[in-house]
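Pulled from TrEMBL, these are the features on record:
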COMPBIAS  348-362  compositional bias 'Low complexity'
COMPBIAS  392-410  compositional bias 'Low complexity'
DOMAIN    4-78  domain 'Ubiquitin-like'
DOMAIN    410-450  domain 'UBA'
REGION    348-411  region 'Disordered'
Amino acid sequence: MPMIAVATEEGEHFSIDCDLSMELENVCALLEVDSGIPVSDQLLFFSGRHLTELQNSLESYGVKEGDLLLLRKKSADSGAAEVAGRNIEAEAETMRRQVIGDPRLMAELRRSNPDLANAAQNDPARFRDLLHQLAAMQNSARLQQERERELLEADPYDPDAQRKIEEAIRQERVLQNFEQAMEDMPEAFGQVHMLYVDTEVNGVPVKAFVDSGAQSTIMSPACAERCGIMRLLDTRFAGMARGVGTGKILGRVHSAQLKMGGDLFLQCSFTILDSDVELLFGLDMLRRYQCAIDLKANALVIQGRNIPFLAEHELPKGRIEEFELDADGNPVPSGSAASLSNAAAAASSSSASAPTSTSTSTFPGSGRTLGVPPSDLPAPKRAKSGTPPPVAGASSSGPTASASPNAPSGVSEEAINSLVNLGADRTTAIRLLEAAGGNAEVAASLLFSG
């Protein structure tokens, strides 16, 4: 007699011997004996399909020998939801008071989920509603995962099923790698500020950005005017700096005095580049004076003297940092309240490794720095964000202003919005949705489990 396997949500497994022509109500009676679940409370599923007609035979549903049926109890899901609802209702006010009373916790919540943070401060009822939504979405995602697992188990050798299994395994490895990194090196997820030192050029104080990836020492025209050296500009060295971006070189000041550390005077040459960075201390001068960037001592070592790097609060307002574009295409600092609120309202879709766009164009090749006649190619449009343009001949290591990831096809804007409202940033929401095949519920489950 054919044998049919039956599994429950609690992980129990039964094997029943029955004829495939047997009516479903008789199968349920057999299962009542093995599982203890009354026939009236049984829900049977096969290949994701709910078997509702008790007068039909197993054969009519396509069940074959060795197939797996899923047995659920009617009250299981509703009971779990009620318990979860009671727990959230009881703990919501306690959680809200804890968040309000802890400034650091409130700041973190405002960064990750501004809507929930505002509700905690101003609207206790909405705070409870949002917690209910989080719990409901997590439960729905769990059920969706179970349904997809049933479909995969129904025919594991199907090519589509194999691809989904492969992607699930890959995503699991990604999450494991992420968790390991969070555990072993959480500092990798923070933002590192750039290296600046205090200098004086021709007696004028200037904060210099130290960049060993820049070919030449760069100064902006405005800074050169302020320092009184623009009159020494040699326009014969005008041209275009070209690399990951482009910039117009106005010329070169061959020699000017630069003061560091109070009593250290250096003769430096400056390439005057039309950019927003005031002074970039590049590789040419670093090599000339045999400088060493000592990150352990947090200092620039020149001729045996330690010139300390500036602390984050001492950096100039126009320092190099990451930017995001708001809904109107205007740059806002990454992680700021404005960027978070814009991200919550933005619509996007998902990609396992979504490409990011920068505010400058990408140019192949090493390019030329000096002595190149002006190019007919227009300089790329840059947002006026205070971020210096990345230039191969100027700075190849400075980060560029990053925009929000473009949304790949196949994922709705509603899905990305739902994850953003649950606390995920735009990039994380995109990656989770790609891993979940565009399913917002499964992506939410990955967000909470990760």
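Using the three backbone atoms N, Cα and C, a Cβ is placed for every residue, glycine included.
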Structural state census, the domain 'UBA' (410-450) (DSSP three-state): 29 helix, 0 strand, 12 coil
DSSP-derived helix, strand and coil totals, residue by residue, for the domain 'Ubiquitin-like' (4-78): 23 helix, 26 strand, 26 coil
Stretch-averaged pLDDT - the domain 'Ubiquitin-like' (4-78): 78
